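Trainee: So TrEMBL has the following annotated:
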type	residues	note
REPEAT	136-170	repeat 'PPR'
REPEAT	237-271	repeat 'PPR'
REPEAT	337-371	repeat 'PPR'
REPEAT	440-474	repeat 'PPR'
Amino acid sequence: MLLLPGPLKTNLPSLSLFVESHLRTIRTSTVLRQCLRLLSHSPALPCINVDQNSRISPFIKDSTATVLFSEETCIHFLSFCKSMTSSKLGTCVHSPIIKLGLDRHLHICNNLLSFYSKHGQANIAHKLFEEMRYRDIVSWTATISAFVQSGNDEEALCLYHQMLLAGLVPNHFTLSSIMRCAASVRDFDLGMSHHAVILKRGFRSNYVLEGVLLDFYSKCGMFDDACLVFELMADRDTVSWTTMISALVQAEDWNKTVGLYIAMLRDGVFPNEFTFSKLLTACCNLDSRLGELVHAHVILLGIELNLAVKTALVNMYSKCSNMINATKTLHLTSDFDTLLWTAIISGYARAGDCSRAVASFQEMQTSAAFPPNSFTYTALLNASSLSTLPELGKVFHCLVVKAGIEHDVSVGNAIVDLYSKCSPQLEDAMNAFEEISSPNVVSWTALISGLVRHGEDSAAMAVLTEMQVAGVKPNSFTLSTILTDLSSAEGVSHAQKLHAVALKTNLDTRDITVGNSLVAAYAKLSRPIDAGKVFDDVSHRMSTPIQAWPKV
């Protein structure tokens, strides 16, 4: 309860008794007066009926005014502050609580823990937890939740084990936090064991736990189990439908994704902006007309065209080679960010329109000075590799170095590919490769491709061996890149070695690209018997390029 200047109207049975038993006074600070200013426009203290405009103002102006604190006042105060985006106002209450000895009340401490947890201040929450005289399951759960929300999963699990050792039994809120933790670290055993606990405790139909179970199985790539959890859910709302759609997108099951969206509409559940963001990802890999239909749904349902939906639409249109609609969508609203600009730049890069990609980058820089990220530079470098201006790529390479992201894998791969295609000297590509902190299969393949393009078959084979020694497994593109351009005198020997690698990794029969490349390489090297054997082994013969058949 707050004591304000002037007469009060209160529905408390005995104000004097309340004051006598709970009254504590402190001087208000600037921050606390700011709290009161906000509270004067909020129903946070329903027990006080006061003319706010006339009573609050003189109190706020008076820096020496006094505030009456009780357990109820603090709880109302913290409940109000938990709903705010800033933690500043809530933090100012913590000090008076300690000074006035109100921290001995378990309920107040639990509310403080919840406040710090919701504002991502896990370390402060943990410190408060350690100093608490008494703790209950709410105290433990709030602190565990604070660690999970801040991404400190190891500390969350450690505290959870301490809680179990202390003899406390987790409730459904505790189990929800642990399942979120298991999903975050992709710990299958942890999640499965606690799914069993959920069933044993009779929480199977708990709405919150159903949602986190669905999220856990989706993130762990166990899509059949996710579907089973989804089908058993008693109450499926927009969030659960969207989570399942997201799981199918992650599984790259595009047709089922669209089918689930249709089922969602038939079930009378309305999608939101997150649903459409995921759904449009599936449309990128399907017919562009489906993407246009989804865009129409966005408009018909009155979904706000926020940055997430707008970026997903631009990305969908650009991947479907419809840059006209992508550009129109880009300018539908005045909201822009780095991801949106990167989507349109990537679209022009994929379309081979280097000039428009660069123009979009310049507009991105001048309109609101959005900082480009590694994906932006990757798209620009890819566009530069298709340009007739060899110096353009070097300009973006300089910007990458200036931004300090030359060690990024995706950026490094684009630089290696750029110099492999555009530079007359292979040293540029090799130097760029050396700058990559942890080369992946794309990095190695880009370098090998450059060597093959310059007729350095033996060097390409040496790099392939080095790649395998480094523990990086070649994929179908790596092998087919070398096989396609074998031209040296050692071509037959190289083809046989590559064939051996393909057999060892099952790429010769599993991947049609490698099978086709082997057939074409042996035919080109005048080895019809070997070409025929590979042709007979390829399971999908009708997919073999027709031009390779006469050579066989």
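Every residue gets a Cβ built from N, Cα and C, even glycine.
Since we're looking at a predicted model, the values are computed, not measured.
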Trainee: When DSSP states are grouped into helix, strand and coil, how many residues of the repeat 'PPR' (136-170) land in each?
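Mentor: Going by DSSP assignments, the repeat 'PPR' (136-170) contains 26 helix, 0 strand, 9 coil.
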Trainee: Using DSSP, break the repeat 'PPR' (337-371) down into helix, strand and coil residues and give each count.
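Mentor: When I sort the residues of the repeat 'PPR' (337-371) into the three classes, I find 27 helix, 0 strand, 8 coil.
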Trainee: So how many of the residues in the repeat 'PPR' (440-474) end up helix, strand or coil by DSSP?
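Mentor: Taking each residue of the repeat 'PPR' (440-474) in turn, the totals are 26 helix, 0 strand, 9 coil.
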Trainee: Where DSSP helix means H, G or I and strand means E or B, what are the helix, strand and coil counts for the repeat 'PPR' (237-271)?
Mentor: 26 helix, 0 strand, 9 coil
